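J.: Sharing the features that Swiss-Prot gives for it:
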- 1-10: compositional bias 'Basic and acidic residues' (COMPBIAS)
- 1-27: region 'Disordered' (REGION)
- 43-65: region 'Disordered' (REGION)
- 98-157: DNA-binding region (DNA_BIND)
- 149-168: region 'Disordered' (REGION)
- 154-165: compositional bias 'Basic and acidic residues' (COMPBIAS)
- 190-223: region 'Disordered' (REGION)
- 197-219: compositional bias 'Low complexity' (COMPBIAS)
- 272-294: region 'Disordered' (REGION)
- 279-288: compositional bias 'Basic and acidic residues' (COMPBIAS)
Amino acid sequence: MGDGVSEERSPLCGKSATSCSERVRDRGTRADLECSLRGHSLKDIPVTSTSSPGSSKEEVLDSQSPGEADYCRRILVRDAKGTIREIVLPKGLDLDRPKRTRTSFTAEQLYRLELEFQRCQYVVGRERTELARQLNLSETQVKVWFQNRRTKQKKDQSRDSEKRSSSTSESFATCNILRLLEQGRLLSVPAPPNMISSQNNMGTSSGNGTSLGTSGSTSPVISTTPPGAGAFSLQVPSLAASSSPRLPTPFYFPGPLLGGLHEIPSGYGLGSSAFEPYTRLDRKDTASGKKSTS
């Protein structure tokens, strides 16, 4: 029965009767045969399409409208090896936006703006309009210049305050050191024991007591310069007079400068003195000095 149908409808096919019979043999169903014989459009017969893969890609790219694209611009770049690569710029990057130009002021304009800034740091209203007209500038340029100038002034003030604080801390430390020097806690060097014993002997023989005079306002030091050809006296200047009204204490270093200091008696309390290591010296000379005085 299928053969009869094919024979009746074969004139409709014309030259393609042989191809229709081949399709019937391949598919083996009547419905497929009827569908293949009904229409001869390009959609039903994709074999007759002559479009290449390259042309299909071009059609896909052309179908996309520039408004729907997710990129701003595509740039073809050829690298050193000769390979062409495509760089896709994001949509948020606006390359067509005009760049802002920097305003270059003349010397006369800067001089006038600086004068106005020294007079008033905030120029608004008619003053700004008049100043912009006189300097041949826009009000926006004048306003931005004043904003930048105020920012620069704040930075300079903060930098100056930091320098002042550092110098103040250094001067405070110097005053503390000088105060300790005046109080005799750093460089107070007592007289050698043989000199003290000679002064005591002279005081007892004359009956006037000891020759060491102490007052409530000064440190206990020798009032007269000790005899000797190599005696050296040092007086610390009072640079911290505003902080401490105490008078400077004279220090006496008997002997030559390069000869070194004499030993310090163990009974003299130095506390946190700079000469504390000298208290650990040998006490043989002190013992001999005591025997000579007795």
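Cβ atoms here come from the backbone N, Cα and C positions, even for glycine.
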J.: Average pLDDT across the DNA-binding region (98-157)?
T.: 89
J.: With DSSP as the reference, give the number of residues of the compositional bias 'Basic and acidic residues' (154-165) in helix, strand and coil.
T.: 12 helix, 0 strand, 0 coil
